[in-house]
Amino acid sequence: MASVSELACIYSALILHDDEVTVTEDKINALIKAAGVSVEPFWPGLFAKALANVNIGSLICNVGAGGPAPAAGAAPAGGAAPSTAAAPAEEKKVEAKKEESEESEDDMGFGLFD
């Protein structure tokens, strides 16, 4: 978990970015002093150097992005469309699977002492 010193520097950097001010060690120190937080002297310089060549706006926007989404199932390549007779059979299979899964969800494994 982040320490108070780290959080103070992070919030200072976010405030500076929000005000469209360049993030520097001196400006981080000024905000931390104004907030009345005591921070080890190396933290503001560390954050200023780490954020010097980083686009903070894109960093904020991509925080939750875990990478590209998996591709959807491919469409059948060329050829005729599947027959309509096969579609109802597939629907019955899907319904049967849904019923089975609902039954298994209702059980929840409490039958051990029945």
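Count begins at 1; order follows the chain as displayed.
Cβ atoms are placed via backbone N, Cα and C, with glycine included.
A quick note: this is a predicted structure, and the numbers were derived from the prediction, not measured.
What Swiss-Prot records for 69-88 is compositional bias 'Low complexity'.
The compositional bias 'Basic and acidic residues' annotation in Swiss-Prot covers 89-100.
If you look up Swiss-Prot, you'll see LYS92 (among others) marked as ubiquitin cross-link, on the strength of similarity to another entry.
For LYS93 (among others), the entry in Swiss-Prot reads ubiquitin cross-link.
According to DSSP, ALA2 (N-acetylalanine) is assigned to coil rather than to any helix or strand. In this view, ALA2 (N-acetylalanine) is surrounded by 9 other Cβ atoms within 10 Å of its Cβ, with every protein chain counted. Here Swiss-Prot flags ALA2 as N-acetylalanine.
Swiss-Prot lists SER101 with the feature phosphoserine.
Positions annotated as region 'Disordered' by Swiss-Prot: 69-114.
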